[in-house]
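Per TrEMBL, transmembrane segment is recorded for B:7-31, B:51-74, B:94-114, B:134-158, B:187-209, B:221-247, B:254-276.
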Amino acid sequence: MEVLLKTENLETFIGQYHILQGVTFEAIRGEVTVLLGRNGAGKTTTLRTILGLSPPSRGKVFFKQKEIQELPTYKTANLGIGYVPEDQGIFPYLTVEEHFKIATKGKGDKVNERIETTLALFPDLKQFWRKQAGVLSGGQKQMLAIARAYINYNELLMIDEPSKGLAPIVVEKVMETLERMKGETTIILVEQNYLMAEYLGDRFYIIDDGKTVLSGEMKELKEHEEWRKKYLGIS
Amino acid sequence: MEQIVNLLINGLATGMLIFLLAAGLTLIFGLMDVLNFAHGGFFAWGAYSGIWFYGVTGQYVLAILFAMFVGLVLGALTEKLIIKPVYGNHIQQILITLGFMLVLSELLKVIWGPNQLPAHAPEWLSGSWLIGDIIIIKYRVFIIVVGLIAFFTIHFILKKTRIGLIVRAGVMNKEMVEAMGIHIQKIFMLVFMVGASLAALSGLLLAPYSGVIYAEMGMDFAILAFIVVVIGGMGSFTGSLLAAILVGLSGSFMAYYVSELSIAVNMLLMILVLIFRPQGLFYGKG
């Protein structure tokens, strides 16, 4: 088992607020690692801290054994980390095609090959190729955001609440897509929807009040109702 | 009829000058969230450096390129030394760029003296064409043509090239652009330089149009450019062209028919936009 990404005692302030107070976790290559926790626990900030969007005040981030917490965001992203933010980060006045163009690194045939491979995984996006992303439905926007992060064959994808605000039927579709991506890439998934987390996750970490308080294999969490009740407020 | 055509051409020429100044301003604000009150300084430096170069060489086209080059250099230095330390703080941006605007104006006086300087169009752009009863002044047409060339060139870059897509995406969500592995700071610098260069071009084009140049000319036109940016929509390049034409034409017609209201009409347009569509008429339309 190769550890692709590791954080050690991450601490992050946002303004005067001490949001992360010691987040430690590992993402194993090829697995889906789920970060769980109540609203405001610090899950989104953890992803933002890894990417350098909210730089840490203390602690370390390792990607493929290399320390990266000091790097600017664009350099971290170029190491092979794709990011799908909670609000999807879609550019509303760019078309789907333009999203693909802007996201794809490299030139020539490689670009076309990547676009084709990605569209094979997200076939619905073909229908909206020339449409502005702002007019897409919530589910289509989510697919576009994931496709954009996937297109460069990033070794790690960090996906923040992909089910947020989506109808159950659309959530199922997103789940199916993420399941197809499983194995091809490593995923860190922040998710409030426990069913989705349980379905996709191999390993979990629970963050509470800015600290990792519990971790293990997903099947363990499935077996321990009292953990779910205590930390997630669900049974 | 001839009067209307003249007012139309006059308004379009003024509109193009304002557009060239506003285009950089709108992209700089939209992408970098920077309120750059020093933009008028690039305009004045473009006029002075270009007219000086034209005086020395007698080559007006080369003078245009020289003024644009001066704008590029000034833009690069300003972004690096003045703007970079105050990213994210609008109050500091207003204070430091206003101060720098004064410095740029005073430097012009140090180099070229405090008095107004005459500026003339080259021979091949002087005079007019007579079409029927209508007299069309060549230099005004030249300004319109240069403005349109600048618009279509940048429009093409913004719409059809990857760098243009990055700039447009950056206007919408710069954090996401950076998260995609793009060095947004470099893009900031580039946009700032191009914006300053367009302002310098505008300054030089205005010089023979108004006949004189003076160190404070930047501030007068920068106010119109800010009005255009508000009307067109912050960050909208096409919006700034359409709003500049609107401002240019309304100024031109009002100056002829109700001269007392020629300046007020632009303010009125801006107020109406701020009340009914505060994001600007063409916000988000590229």
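Placed from the backbone N, Cα and C atoms, the Cβ positions cover glycine too.
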Original post:
Any residues 6+ beyond the ends of the transmembrane segment (B:187-209) with a Cβ under 8 Å from its own?
Top reply: 13, 16-18, 20-21, 23-25, 27-28, 31-32, 36, 39-40, 42-51, 63-64, 67-72, 74-76, 78-80, 83, 119-121, 125, 139-140, 142-143, 146-147, 150, 154, 163, 166-167, 170, 177, 217-218, 221
Subject >> Region pair the transmembrane segment (B:221-247) / the transmembrane segment (B:7-31), three or more CB pairs under 8 Å >> reply: yes
Subject >> Other parts of the chain folded back onto the transmembrane segment (B:7-31), taken as Cβ under 8 Å at six or more residues beyond its ends >> reply: 39-40, 42-43, 136-137, 140-141, 143-144, 146-148, 150-151, 154, 167, 170-171, 174, 187-188, 191-192, 194-199, 201-203, 205-206, 209, 221-222, 224-226, 228-229, 232-237, 239-241, 243-253, 256
**OP:** Report, as numbers and ranges, which residues of the same chain sit near the transmembrane segment (B:254-276): CB under 8 Å and 6 or more residues beyond its ends.
**Re:** 3, 7, 224, 227, 230-231, 246-247
Subject >> For the transmembrane segment (B:51-74), sequence-distant contacts whose Cβ falls under 8 Å of one of its Cβ atoms, 6 or more beyond its ends >> reply: 41-42, 45, 104, 112, 117, 119, 121-122, 125, 146, 193-194, 196-201, 203-205, 207, 213
